[in-house]
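Notes to accompany the following structure.
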Amino acid sequence: MDPVLTVEDLSVRIAGLHILQGVSFTVAPTGVTVLLGRNGVGKTTTLRAIVGLTPRNGEASGSIRMAGGDLLGRPTHRLVRGGLGYVPEDRDVFAGLTVAENLRLAERRGSVPAYDKVFALFPELDRRGRQRAGSLSGGQQQMLAIGRVLLNDNRLLLVDEPTKGLAPKVVTEVAEVLERVAESVPVLLVEQNLAVVRRLARDAVVLAAGRVAWAGSATELLAEAELTRSLLGVGSGDHHGTPATAGPRKDES
Amino acid sequence: MSTVILLALTGLGLAALYFLVASGLSLVFGLADVLNFAHGLFLGVGAYATWWASGNLPGAGPDGFGFVLAVAFGVAAGVLVAVLVELVLIRPLYSRTIEQVLVTVGLSLAGVALLQATWGADARPFPRPGWTRQVTGILGANVPNAGLLLIVAAAVVLGALLAFLRWTRYGLVIRAGVENREMVTALGIDVRRAFTLVFAIGGAAAALAGALGGVYFGTVSPGQGGSLLIFAFIVVVIGGMGSVVGSAYAAVAVGLLQQFVNYYGPSGLGDVCVVALLAVVLLLRPQGFAGKVATA
Amino acid sequence: MTGSMVEAPPAHVPDELTPGRSRWPGLRPYLPLVALAVAAIVPYSTVNLPGIFEGPLNSPGTLQLLAVCLVFGGLAAGYDLLFGRTGMLSFGHALYFAAGVYGTDILVTRAGLPLWQAALLTITGGTVLAALLGAVALRTVGIAFAMVTLAFAQVGAILVARDFGGLTGGEEGLPLDVSGLPAALVGVTNTVNLYWLALAYLAVVVFVVHRVSGSPTGRVLAGLRDDERRIGVLGLDPYLFKLLAFTLAGGLAAAAGVVYCLIVGGASPHVTSSELTLSLLVMVVLGGPGTRWGPVLGGILYMYLDHRLTAFGSSETVDALPAVLSRPLSQPLFVLGTVFILAVYFFPGGLAGLRTRLAPLTRTLSRRPDRRS
């Protein structure tokens, strides 16, 4: 099967810093592909480059292809309308707007917003329509950030650290939702929580020193503790402290 | 007592003028990060276009419906200039904040010089309906009608702006964009169209301020926008960038403070107090009454 | 977002430190001294440059114009310490210049102090004022800082215009009482001494700015301009460094005010206007922010054009044009504002940037003789 997204030789410089130095990988047309690497290695920079949000004082070169067309250099709003859904790090919901307004903002002319689908996934969003998004809990904000992207049809979802800073129980909820979402649309996921990675990801791409250090099956990567430790600097229990929480759930389901 | 009422109402008239200038500045800055020094030019264009229309435009004049038509023409001219400035000069420099400020600085210098070249540096008498020269007795105070007209106009503009921001799709885009412009584009919205729109709104409000300010002062001169602009900037900072309601509160605070202190203290002390208020607000609450933190 | 493994960026080498391609490479460091010497002997020249100056070079009118240009060259170079070298957008620099002008005038004319005492007090006062107001204004950054400095300068304009205590002469301005001044600085025949004074001021500013920007402090300032967070990471307090730059620039501006007051023989309220700060910004951007000579050239050229365009606007050539053209052209600020806008779009490096932009051209031009030899 052809990949949904092909990144080739992607380099990004921001304010003179060479953050990505020739990154190449592909995203499979189904399931979750996870992007891993230590803090500051450029995972978020990669997602932002794909969706055209490289900052003004930076420049991106190389090629990013989706369905034959090159995405690099096209304005963000066009890319998003073309079927690229982006859930940013730290959620970035509009705190001063109500939940309903946050969702309404994502509506597009010429297409019917899939409110029934979103409310089926997140009944909470329907109930809290008139609440200000800024007063939602972190987990609810994450649901809103995912929900507003799902109002429209997407060909690929980019999701940046959806479980960051969330309570263990909420991490599990978010992972469940992403699992269901990934049944219908491919996802490129940045995630630090290895338990969540284990549960969701089929493919893994590991960045190190601005390049792709390893790519292949996620199960294979995680099975080898030594490999995981050398690439990610984790695995010896020094990570978020939450790996165990999402793990057992997998056995239950 | 009647002095206090008179001062309060004339202070509110001044506040209305500040609000009309500041609301547009605040939206433009809040959404597009453009510190618009050319905003005073929109005011000047509105004033001179109204002045020109009442003498030359068929149907327009200094009285009755003709006056309304002349003001409408002035506002339309302000909108036109503001939209042109955004499309031709600001847009190519999208997100290069300093260059955008520089261009508006150049524009404010060149634009005022152009007004001066065309109509001379001296103040010209402004055509105004007879009733605006009269006063209305309110609780024993004789309040100039021109001031009341300004207050009513500013209240209408405030209401219309809030309704627009609250109930329309573009209003929603603007409110969201003030909060996080990048995320608006990441939802598939071309936020630059909203930029043009806030310039148009700002241009309209400033041009209206120019026309009604002409009525209030009785004259029009090329530099009028400049001195108003500085106080409008202060109002924007105190009120919080990007917040229309904040601008309204701040305009009232500044207008009243200025009017009362200038009356009871030595002339000019009110202006100094306003700047002191700005310094205090910035030290205690850098983001103003409301709105986002005022960083570059 | 940036990890420790990312390489450090290459250190930025300022333009002026890279050796230029010159036919006499050994002479280059001495060019400023040559320029200074040439400028110093200008008053001995009776050359007439019709169209450029109204009288011969050594006529009092021309010398006064040149002196004003030199002062503004220095003022712009001092302002560039904030804008071009530290990245601070101050809209209130006119305040410290005006403090210099009015301080000198009031202390000499109203208080009857001898000039040297007045000048010393004024420069000290201007520096302290800049330190105090800077300490408050620098609590904010970016656009808010611009607005606060603008507002502070507005207070200065109000104080001068309202004429508190009858000190400033209000709208009329305050002519300088010359009776107590040294004889060498008074009278039309002594304009040449004012010219030399202005030249000395410019030389001092260029020297100070050059020394500061070459020092470790200057490198911190440049770091603040490029990325303030990086300086914070190094454990240095950006606030103190910015305050230092602001205070120094304020002191230099006050000194410019002293010289300017002597040259024009008094003070008028237009030196307090925000328009003056805006023109400083125009001078620096036109000349080339962050370069050694750009702001100086920008300041000199701007004042020269501002003065000469007024004459040009009322000349017969312009009068003969249709009113649509002649009227705007008779407004110096219209011409300068338009040139400025064009410069922001097409010459972002200003005059100083022209050299690098024209470099490919000069290289192709100079290659030919190389081949022949």
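The backbone N, Cα and C atoms fix where each Cβ goes, glycine too.
TrEMBL annotations: computationally assigned, not manually curated.
The feature transmembrane segment is assigned by TrEMBL to C:30-53, C:65-82, C:94-113, C:119-138, C:181-209, C:239-266, C:278-305, C:333-354.
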Q: Could you tell me what the rest of the chain brings near the transmembrane segment (C:278-305), counting residues at least six beyond its ends with Cβ under 8 Å?
A: 14-16, 65, 68-70, 72-77, 79-80, 83-85, 91, 93-94, 202, 206, 209-210, 213, 225, 332, 335-337, 339-340, 343-344, 349-353
Q. Are there three or more C-beta pairs under 8 angstroms joining the transmembrane segment (C:30-53) and the transmembrane segment (C:239-266), sequence spacing 6 or more?
A. no
**Q.** Of C:30-53, C:65-82, C:94-113, C:119-138, C:333-354, whichever stretch has the most CB pairs under 8 A to the transmembrane segment (C:181-209)
**A.** C:65-82
Q. Taking 3+ C-beta pairs under 8 angstroms (sequence gap of 6 or more) as contact, is the transmembrane segment (C:119-138) in contact with the transmembrane segment (C:94-113)?
A. yes
Q) What else in the chain is close to the transmembrane segment (C:333-354), if you only count residues 6 or more beyond its ends and a Cβ gap under 8 Å? A) 15, 279, 282, 284-289, 291, 293-294, 297-298, 301-302, 305-306, 309
